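So that you can see what the record holds, here are the features copied from Swiss-Prot:
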type	residues	note
DOMAIN	302-379	domain 'B5'
BINDING	Asp357, Asp363, Glu366, Asp367	Mg(2+) binding site
Amino acid sequence: MPTVSVKRDLLFQALGRTYTDEEFDELCFEFGLELDEITSEKEIISKEQGNVKAAGASDVVLYKIDVPANRYDLLCLEGLVRGLQVFKERIKAPVYKRVMPDGKIQKLIITEETAKIRPFAVAAVLRNIKFTKDRYDSFIELQEKLHQNICRKRALVAIGTHDLDTLSGPFTYTAKRPSDIKFKPLNKTKEYTACELMNIYKTDNHLKHYLHIIENKPLYPVIYDSNGVVLSMPPIINGDHSRITVNTRNIFIECTGTDFTKAKIVLDIIVTMFSEYCENQFTVEAAEVVFPNGKSHTFPELAYRKEMVRADLINKKVGIRETPENLAKLLTRMYLKSEVIGDGNQIEIEIPPTRADIIHACDIVEDAAIAYGYSNIQMTLPKTYTIANQFPLNKLTELLRHDMAAAGFTEALTFALCSQEDIADKLGVDISATKAVHISSPKTAEFQVARTTLLPGLLKTIAANRKMPLPLKLFEISDIVIKDSNTDVGAKNYRHLCAVYYNKNPGFEIIHGLLDRIMQLLDVLPGEDKGGYVIKASEGPAFFPGRCAEIFARGQSVGKLGVLHPDVITKFELTMPCSSLEINIGPFL
């Protein structure tokens, strides 16, 4: 979830009242948000860089608020305040309007060359806006939040904001060879070619993460005004000539990208959030975008649409019994202007341009549940019998895990996938004899097959912890996978218990004693009768000759124990003797 940092006092001033930390935390919870942290700029720097670096930093209290990833309208102070005020019914949701300019409309002309790299662009103008330092900071921060969220780190959409009074339209969005693009980028003192900029920004902590988007392309996107002044080279950097400041009065906004829908959403969010500060509140000046095919379209769309949802559907999905009128009121509090129409069971909802997250009826139902309050929904027993019970094999696993730990062994959780070498070559077995399930297109050599034994995972864990004090006593109780043509999926899982003892001496007696303890816990007595267990001398390629035994219990073979062969130990990069035990616990249910 994205986190929005807002100044507490500025937030309370905008909300028109002061809250205690506990009260504001409760308000956030009611609105479906979470107050994640109460901190300050000084405290943040102190934690990350130390007290010396924090000297002189601001002590202003900051609220860090977790916002749902699809609520782009809450990524800045303006949207957050507006949403909370509507939720508390202190104000009505504003109506956003697109207006035509008094004079000539600003045009953005897209050329055919952009189709090879970033084919889409939209634009708009915020006219007669009044910034303060805090408003300006919020404007810049919203762009960054959108870049990291819906824009997918500028891969889908990149935002450019420019001082319109320093430019002359119409504007041209085209693509050129890097060597043909030259301009003075933001915060630089001289001009550079695009090639030079890409080299410079490879060491820039902020911009280096975006270079890969275009650096290997033959053409780079660029936007010019009618005088040939570069506005920006999206998605990397804006030009310094048109940089905006606190004193900027007219802003030209362009959004370029590879996703047309998201570009329109991003533009709508920016202009709706900050048109509040325009001379004519909540009005946005239109801009015309001319596409390569000659067709033109006016942006921003600021489209309102209406959806119909039945009241009984909301009640059923949420588990409440509210009248259609009350449900309409709840939805209106969530920035979704609603009214009851028709037969009295239909609710008409107006979706504003700020709520791009409303895609389906279930999104409307969710907002109704939030406004009603999850804590107010009564707990009820389901109409169908759905009482769960623990799976017997998992219950046995949990009991054994606790007792293995009580015996002094440390639990390890290893990957279910491994390399062919781990389960075959290193254990002295041919891969065809393992009945392993193979991954058709493994992304790495470490994940080629599903494990057929837990032993390699534990030995690799020991290898990664060789510096730890001896002895190392590890165990794992997890599934292995074996091919089985008799099952519908062609494979079957078996729950295995594996334990290893690694020390200067093999410690076979410790592993043997552990086996006796496990059988005692499973209520299996020693003996060759049908209900007992016995170990018999055996051989295995992974074990030292004459130091291996097969375990029989309840009339069947359930596993092996013994001292590992020196070759196995060496192949897993170990240097000390090691004993192991591995059994199938399924037959003991």
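Just so it is clear, glycine is given a Cβ too, placed from its N, Cα and C backbone atoms.
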Additional residues surrounding Mg(2+), by Cβ distance to the Asp357, Asp363, Glu366, Asp367 centre under 8 Å: Asn70, Met334, Arg355, Ile358, Cys362, Ile364, Val365
Tertiary neighbours of Asp357 (Mg(2+) binding site) (same chain, Cβ under 8 Å, six or more apart): Pro68, Asn70, Arg71, Tyr72, Asp363
Other CB atoms within 10 A, centred on Asp363 (Mg(2+) binding site): 16
Cβ packing number for Glu366 (Mg(2+) binding site), 10 Å threshold: 19
CB contacts for Asp367 (Mg(2+) binding site) [other CB atoms within 10 A, all chains]: 23
For Asp357 (Mg(2+) binding site): DSSP state (helix, strand, coil): coil
